[in-house]
Amino acid sequence: MDHSENGRVPNAPENGISEQDFQYNKADDKTDKKEEENVESIEKIFESKEVPPWKNQLTFRAFAVSFVLGILFTFIVMKLNLTTGIIPSLNVSAGLLGFFFVKTWTKFLEKSGLLKQPFTRQENTVIQTCVVATSGIAFSGGFGSYLFGMSDVIAKQSTEANDGQNIKNPSLTWMIGFLFVVSFLGLFSVVPLRKIMIIDFKLTYPSGTATAHLINSFHTPQGAKLAKKQVRTLGKFFSFSFLWGFFQWFFTAGDGCGFVNFPTLGLKAYENRFYFDFSATYVGVGMICPYLINVSLLVGAILSWGIMWPLIGDRKGDWYSAEYSSSSLHGLQGYRVFIAIAMILGDGLYNFFKVLGHTIFGLYHQVRDKNSRSVLPVGGHSSPTDSLSYDDQRRTQLFLKDQIPIWVAVVGYVSIAIISAATLPHIFPPLKWYYIVVIYIFAPTLAFCNAYGCGLTDWSLASTYGKLAIFVIGAWAGASHGGVLAGLAACGVMMNIVSTASDLTQDFKTGYMTLASPRSMFVSQIIGTAMGCVISPCVFWLFYKAFHDLGVPGSQYSAPYALVYRNMAILGVEGFGSLPKNCITLCYVFFIVAVVINGIRDIVGKKWAKFIPLPMAMAIPFYLGAYFTIDMCIGSLILFIWEKIDKAKADAFGPAVASGLICGDGIWTLPSSILALAGVNPPICMKFLSRKSNAKVDAFLT
């Protein structure tokens, strides 16, 4: 689905980095080769196993397991949202843990003689779809970006547009209501096009294909044995990561305390945010993300915090007033935030037009292809299968068997559009009903473009469409009519539509390859989305109430992209007049640099592109610092050495180790939040001082 492998860093949403912005999945490049090498038919292996009717694929145990895993992964995604915004794909973890839990459940029932329905790969696909749909709302819901960017906590960090009409503080009721009226439109918008995408155009959807290969392998005898070992490995590193998070908690009794503030590379490097912060989460993320992303992050960190910010800092009093603190947007912070925005927009717009070009070019040739129909087939008619392999014939037959009537999609889309156009202006008064109607008129086309482009490139550009909505609707509303709040709300509407559209189409591809019914996929996505609309706001609310410095720069959960998105809205409404001296010039330079680097990467081809950094990844540490990039590079280094020692084992167990590290540290945030709410504080503050500062403290104490 959305989210990294995208596994979601192929589908993951992004807080600046979309499941789609990071969709460089190792599995993606290998998918076609695997299919060519796999001489034996996959469906002949499963020929003796009956495919259950679509209603039997939707079991109580599947949704019970999905609910538990959905909560687990929502905590993980929420923590990543509120720290650095880099969200890897969790599809492999969802498929693996879903397989393990239900397999354990069915074995227990089998021994007790109560098993009525065996565990199938179709049910496994339903679980994976539901879990990723649930946790995906934590990304597309904007809790670390546009939605939290509406709050007064973030507004106070800007001197512009921080009046009442441009502020909307979080509340559990309106957040749940907002998500329910905007999160389902994307699902209905692409349902009529599922046959075109999967059967007629045969789009690749590398992440969906890779997930299908994984689930198919789990349900062979050999795959089941390997899955057990992988789950055992995941469990070991989950336990280690959870206990390591618990141990670190004891040393965080005050600001700047604990292992997360350990000056591992020296105090001077620490001042410039170069240090290893002992985060198991980001070591795990580094093991999942491709090497190129991690190296790009490090290059960006060195360029910004190692070179640019110290040089610009020396211009204090000239380029910007010495009166401003380092966190003021009129001071050094302004350069950090807006140059990062310029690179993100340059990269996003380049890839938007690139994928749009692929889409138009691909569609033109698909429609013109002699072997295609002259009219695009949207109904339930079967395509000729004479030239198809046995696998494709079997999959096409079952994929076309359970149709979702087009009238269901049309009625669903129109009904929800009417409801949301009527209710959203009450939640966000500056977002007028006619803004929403215009968005919904264009949304199906944009959802189709995103889903089609994702099928070709595995890139979901949900965040880019959201940023375009910020500028268009924000400028339309105007500064004096709450344009900032209107732009952020419009971003949420657009992101939810195009993100869920590409996610559902990815799942249709997975279902096609595992013989799961399109109806069961659609129902699973609907149920998972509904669960996410409740679970994600509740998890965010827990963070919001437990950590009183949420969103404050330099805090544990600084929500960096909330400020980035708010400042994009301010730029769209008020222009560039408030930027510090020479900041706009540097923004232009880095916007162009991002476009040029992307162009060079495409010109030189895959062989050399793997040595050229990604501008989107380079931009992230410009604002945040280098600490998490060091964690991720250590994760890459561990995987690199492991692959040199035993590549087969690293390939088999690397994702399980990484998932264990991410899950354990992520789920520790639940008990730590509960402790904070209960007023239980850590007993020790571990802080690091220079020799001179330490001497002053000793002198004061004695």
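Each Cβ is built from the backbone N, Cα and C atoms, and glycine gets one as well.
Annotation source TrEMBL lists region 'Disordered' at 1-36.
Annotation comment: TrEMBL describes 26-36 as compositional bias 'Basic and acidic residues'.
Beyond the ends of the transmembrane segment (58-80), by six or more residues, the same chain brings 3, 12-13, 86-87, 90, 93-94, 97-98, 101-102, 105, 117, 123, 126-127, 130-132, 134-139, 143-144, 281, 285, 520, 523-524, 527-528, 531-532, 535-536, 539-540, 543, 557, 662-663, 665-667, 669-670 to within a C-beta distance below 8 angstroms of the stretch. The feature transmembrane segment is assigned by TrEMBL to 58-80 (among others).
Among the features that TrEMBL reports, transmembrane segment is placed at 86-105 (among others).
The transmembrane segment annotation in TrEMBL covers 126-148 (among others).
Taken from TrEMBL, the feature transmembrane segment applies to 172-193 (among others).
The transmembrane segment annotation in TrEMBL covers 237-262 (among others).
According to TrEMBL, the transmembrane segment annotation covers 282-307 (among others).
Sequence-distant contacts of the transmembrane segment (404-427) (same chain, six or more residues past either end, CB-CB distance under 8 Å): 168, 174, 177-178, 181-182, 184-185, 187-189, 191-192, 194, 378-379, 433, 436-437, 440, 444, 489, 493, 518-519, 522. Annotation comment: TrEMBL describes 404-427 (among others) as transmembrane segment.
Same-chain residues lying 6+ beyond the ends of the transmembrane segment (433-456) with a Cβ under 8 Å from its Cβ atoms: 20, 23, 185-186, 189-190, 193, 197, 201, 203-205, 355-356, 358-359, 362-363, 413, 417, 420-422, 424-425, 462, 465, 469, 473, 476-477, 486, 490, 493-494, 497-499, 501-502, 504-506, 509. Marked as transmembrane segment by TrEMBL: 433-456 (among others).
Among the features that TrEMBL reports, transmembrane segment is placed at 468-501 (among others). If you look at the transmembrane segment (468-501), the same-chain residues 6 or more away from its ends with a CB under 8 A from one of its CBs are 2, 13, 18-19, 133, 136, 139-142, 145-147, 149-150, 161, 165-168, 178-179, 182-187, 189-190, 352, 420, 424, 427-432, 435-436, 439, 443, 446-448, 450-451, 460-462, 525, 529, 565-566, 568-574.
Here TrEMBL flags 521-544 (among others) as transmembrane segment.
Note on the transmembrane segment (583-600): residues 334-335, 338-339, 341-347, 349-351, 354, 576, 612-616, 619 of its chain, located 6 or more positions outside it, place their CB under 8 angstroms from a CB of the stretch. The transmembrane segment annotation in TrEMBL covers 583-600 (among others).
The transmembrane segment feature in TrEMBL is assigned to 620-642 (among others). The list of residues near the transmembrane segment (620-642) in space but at least 6 beyond its ends in sequence, with Cβ under 8 angstroms from a Cβ of it, reads 16-17, 83-86, 272-277, 279, 282-289, 291, 293-295, 297-298, 300-302, 304-306, 336-337, 339-340, 343, 560, 564, 649-650, 654, 658.
Counting only same-chain residues 6+ beyond the ends of the transmembrane segment (282-307), those with a CB under 8 A from a CB of the stretch are 4-5, 7, 9, 22, 24-26, 80, 84, 86, 88-89, 241, 272-274, 336, 339, 610, 613-615, 617-622, 625-626, 628-636, 638-640, 654-655, 657-662, 665.
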